[in-house]
Amino acid sequence: MLPNVDSEQRDQAGSGFQRVLVRTGSNKHTLPDLPYDFGALEPVICREIMEVHHQKHHNAYVTNLNAAEEQLKEAVAKNDASKIIQLGSALKFNGGGHINHSIFWKNLSPDRSDPSAELKKLLDRDLQGLDNFKKEMKAAAVAVQGSGWAWLGYNKKTKALQVAACPNQDPLEATTGLVPLFGIDVWEHAYYLQYKNLRPNYVDAIWDVVNWKDVSERLAKAQ
């Protein structure tokens, strides 16, 4: 599902992604703490999945992103254009993995919440309501071939909500221009230990732990 964004938005988003990731001095990206216990999302997502997902997978993206940025600094200092270009895929993959998961953890919560009035209004206007939005998100998530993400994004140009899918760890804003509000990780490491090959069941279940307060706050900031 390709979001309706123009090339200028994608170019601007891409340059912004590079500005965010490239750091100077000794600053390093760090693994954010989960805002809840590893077992807090059970029975929707089990403790083992959350612990491995956060401590192993997200941590690997952070580690590899820091390593890629160190190599990038060296390549820039040496004016090594070939190396700079070569590092693009590692920065995109690991930087995207870090960005995506940092959003994902906050998008989920053991505490029940509801969409804000503004989010409900836009869901009704742009996506024919909450129930239809869930259907569109499920369709996008299930349709991802291999690994990737389904997203609810905000298009600043049209001031509208859109459902989109991204492959691998491609970050939504950097690759489409849409501001990420809510994402569903459909890499197998996010669900396979518990749901096996039944990705649709995982997507159906995740709505019980959506942090609508966080999603609503992201919309308010995007606007």
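Cβ atoms here come from the backbone N, Cα and C positions, even for glycine.
What TrEMBL says about this protein:
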DOMAIN    28-109  domain 'Manganese/iron superoxide dismutase N-terminal'
BINDING   His53, His101, Asp185, His189  Mn(2+) binding site
COILED    58-85  coiled coil
DOMAIN    115-218  domain 'Manganese/iron superoxide dismutase C-terminal'
Cβ-centroid neighbours of Mn(2+) site His53, His101, Asp185, His189, 8 Å, sequence order: His54, His57, His58, Phe104, Trp187, Ala190
Under 8 Å by Cβ from His53 (Mn(2+) binding site), same chain, sequence gap 6 or more: His101, His189, Ala190
For the domain 'Manganese/iron superoxide dismutase C-terminal' (115-218), residues assigned helix / strand / coil by DSSP: 55 helix, 24 strand, 25 coil
Mean of pLDDT values spanning the coiled coil (58-85): 97
